[in-house]
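Q: First the structure, then my questions, so here it is.
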Amino acid sequence: MTESTDKTTHFGYQTVREDDKAGLVQGVFTNVASKYDIMNDLMSGGLHRVWKDAMMDWLAPRAAQRLLDVAGGTGDIAFRFLKRAPEAEAVVLDLTESMLIAGRQRAEAEALDARLNWLVGDAMALPFADNSFDVYTISFGIRNVTRIPDALAEAYRVLRPGGRLMVLEFSQLPNPGLQKAYDLYSFNVIPPMGKVVTNDRDSYQYLVESIRRFPDQESFASMIRTAGFDQVKYRNLTFGVAALHSGWKL
């Protein structure tokens, strides 16, 4: 059981109590769950699909592997994994039940539900034994975690020796001019778009603020190494709008 704490953390550009952040994040995704996939397409111009395919290309799923997809939401990563890996199994864990409900409905439509398990849970306290999974993925979720080092430590714990971590997350553009243009788009277009599509501007204001606060590629790679992972590498996607980070438990 997690003890109550008066420590603070960030929720976008706001400062909040650590104990409150998970509930705030849960509220964001409860509000947008029904339109989550549509908004991803609109915000990225469909690029999130290309990025997720690039994630699978680098990951190269193998038959009979066991995947844990954390913050797995509506199942995009797990579905891609299972379609490439015969006889593989996947557990999708998410803090927000409404996201998992949407994912289950998609899994039934794609006839993948028999190879999937869905679980409400916290990335910082995974309900699994040590050395339980071959692959751990988290896509556009790690920046929402209250204590990222704790989540990375849990990822390391539940992976088997030889297991692989793969993180897809929005990142920082190395080119200052492109970063400025991207910020203008993010802060001036995405929240109003969220208001029109989901009737929820605030959740998408949080989204763009959380992206801007997330560590750059090298800093996040260092955090992964500190958690114990070896052979940590990253690849920029679309000039650094997003990045893939990979690490191994050896």
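Note: Cβ is positioned from N, Cα and C throughout, glycine not excepted.
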Q: Among Asp57, Asp94, Asp113, Asp130, which residue does Swiss-Prot name as a further S-adenosyl-L-methionine binder in the site formed by Thr74, Asp122, Ala123, Ser139?
A: Asp94
Q: For a quick check of understanding: among the binding-site residues Asp94, Asp122, which residue's Cβ has the most other Cβ atoms within 10 Å?
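A: It comes out as Asp94.
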Q: Excluding near sequence neighbours, so keeping only residues 6 or more apart in the same chain, what lies with its CB under 8 A of Ala123 (S-adenosyl-L-methionine binding site)?
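A: Once residues fewer than 6 apart are set aside, Ala123 (S-adenosyl-L-methionine binding site) is near Val70, Ala71, Leu93, Leu95, Ile138, Gly141, Ile142, Val145, Asp150, Ala151, Glu154, Ala155.
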Q: Tell me, by DSSP, whether Ser139 (S-adenosyl-L-methionine binding site) is helix, strand or coil?
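A: Ser139 (S-adenosyl-L-methionine binding site) sits in a strand per DSSP.
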Q: 10 Å Cβ neighbour count around Ser139 (S-adenosyl-L-methionine binding site)?
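A: A count of 24.
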